[in-house]
Amino acid sequence: MRVVVVVTGLVVVVVATALSLPDHDVKSASSPLSSSSVYQGSSGDDCDEGLPPPDRPFYVVWNHPDTCKRNRIPLHLDHYGFIFNKNRLFLGEEIQTLYNTGLWPNISETGEFFNGGLPQLFTHHDYSETVEILGRYRTENFTGLGILDFEEWRAIYDTNFGIMRKYQDESIKLAKQRYPSYNKKELTMVAEQEWDQAAREIMSTKLAIGQALMPGGHWGYYGYPRTWGSKRNTQLRNNRIDWLWRQSTGLYPSIYIKDPNMTESAIAEFVSGNVEEAVRVQDEFSPPNTPIYPYAMLQSGDHIFFQVDHLKISLGLPAKMGTSGVILWASSNRYKNATRQCSRMRVHIDNVLGPYVENLTQVMADCSTTLCGGHGRCVHNSHDVLLGETDSQRLSGLCTPRHSRFRDYHCRCYSDWEGACCQTVRPSRCHKQQQGNVHEGGDLQEGHVVNVVNPLIG
C-alpha cells in the first residue's frame, strides 16, 4: 500500500491506494515543483532531474529562539551572511523546526501508553491534528527548510535501545499475544517487522502532509540519518529505511557535541561519520540536489562558547565535505537568563563566530565559481566519501592552476551539470506529469481515506 496526500483548493486528503511501493530497486521521491505538477522519479540511471540547485553552495542557518530581539539586544547576523527568519523568529520563511506535529504513539517514563503506545497500536489514523498543526505554520511559497523533530522512538526497531528499549520489549509482548506458540527469536522477528512497517506508515504520512501543505520546502526528519557503530552496521541499518531517504527533500543529521571533554580528533571523527552517511544516502536514494544541513550547537553543556578550533570542525568540516550548509540550533533553556546569554552571544558573534562564518561562506562560494563555474560545490580531496583517493587526486588540479588556493578541492556538480569542472549541461530524462499536487508516502491500510479541511486554506 502507499499513501497519497493530495492538496486541492480547500482540502488536504490522505488516501491509501493498493499500489505497492518499491523498497529497493526504484529511486522515487517527491519534489517541490509547481502546485499543479508532480515529480515522477525513477532510478538514478533513468532520471537525472532533481530539486532546484542552490544559489550559493554553502550557508549557515540561524535557528535560535528570538529571545535576544524581544529583549532588545540585537545580534548582527546580517553583517556576516547568516540565513535567518524574518524578525529572528524560530519558525518562519527560511527554516521551521517543528516539535509538535500532531499525535504520536509513545510510552511515558512511568510506563503509561499514549495514543496506543506503540506504532503498531496507533489508533489515530486520520492525522487530522497533524494537518491542523502544520497548517498553522503554513507559509505561502515556502522554499525553506522544513524539519520534523520527533525523538521519543526511532524508525528502525533494533535502534530503540537504552531508554527506548521499552519499545522493543512491549513490541515483543504484543507479538506474543498474537503468536503465543512462537519462541523468542520468532517473536523478535515479528516484533521487528510489525514495528518497522507501522513506524514507516506514521513517519511517512506526517512527512507527506508537510510536503503537501508547503511543497516548495525541503522536508525531512531531524537526526536522520545517523551512524550506528561500524560503517557496515550503519549502512545496513540505514538502508532498511531507504523509503525515508527517497521521500525526504532535505537531510538533517545531528552533529551536536554534548560532551565538552571530547578530544578534537574524536569530535572530527563523529562529525565526519554522520556527514559521510548523509552524503551516502543522499547519493544512493534521495532526489538529486537534496540538501544536507547538519544540526550543530555553539556552546557546550556548561555554556562555554566554542572557539575557532571547534568551529573548523562543526562548520568547516561539513563545508569541506560538500554539505549545503549547517544549522546552528539552541534550546530556549539556553536563554533563561536572557540578558546575560544575549550579551555574551553578541560578543561571540562579533568577535569569533561571525567573522568565521563570513569567511567560510565566501571561500566556498569563490571555490565554486573558480573550479565549478558556479554549477557545483567544492569538496576537499581528503573528505569525499563518494570518491576513492585515486579519483580525488586525479580530479585535483583539472579546473585550476596548481598554485591556486583551491588546488586540494574538486567539484561535485549539481544534478543538471556534469564534467570535472561542471562545464557541461546534463540532459534530463525526467518527465513532469500534470497530476495535481501529489506527494507519495508510506503504507496505510487499504481503503483508508482522510478528508481534512486545511484551516489556512479553507
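Even glycines carry a Cβ here, placed using N, Cα and C.
Looking at 24-47, 432-455, the range tied to region 'Disordered' in Swiss-Prot is 24-47. Partner cysteine of Cys378, as given in Swiss-Prot, is Cys367 (from among Cys367, Cys372, disulfide bond). Recorded disulfide link (Swiss-Prot): Cys422 to Cys413, out of the candidates Cys413, Cys430. Out of Cys68, Cys430, the record in Swiss-Prot bonds Cys342 through a disulfide to Cys68. Highest Cβ count within 10 Å among the glycosylation sites Asn106, Asn261, Asn359: Asn106. Confidence in the domain 'EGF-like' (363-434), given as mean pLDDT, stands at 79. Counting only the Cα atoms, the space from Cys342 (disulfide bond) to Cys372 (disulfide bond) is about 39 angstrom. DSSP assigns Cys411 (disulfide bond) to a strand segment in the three-state reduction. Neighbour density for Glu151 (active site, proton donor): within 10 A of its CB lie 11 other CB atoms from the protein chains shown. A simple way to gauge crowding: the CB of Cys342 (disulfide bond) has 21 other CB atoms within 10 angstroms, across all the protein chains here.
Local packing around the disulfide-bonded residues Cys367, Cys372 was summarised as the count of other Cβ atoms within 10 Å of each Cβ; on this measure the leading residue is Cys372.
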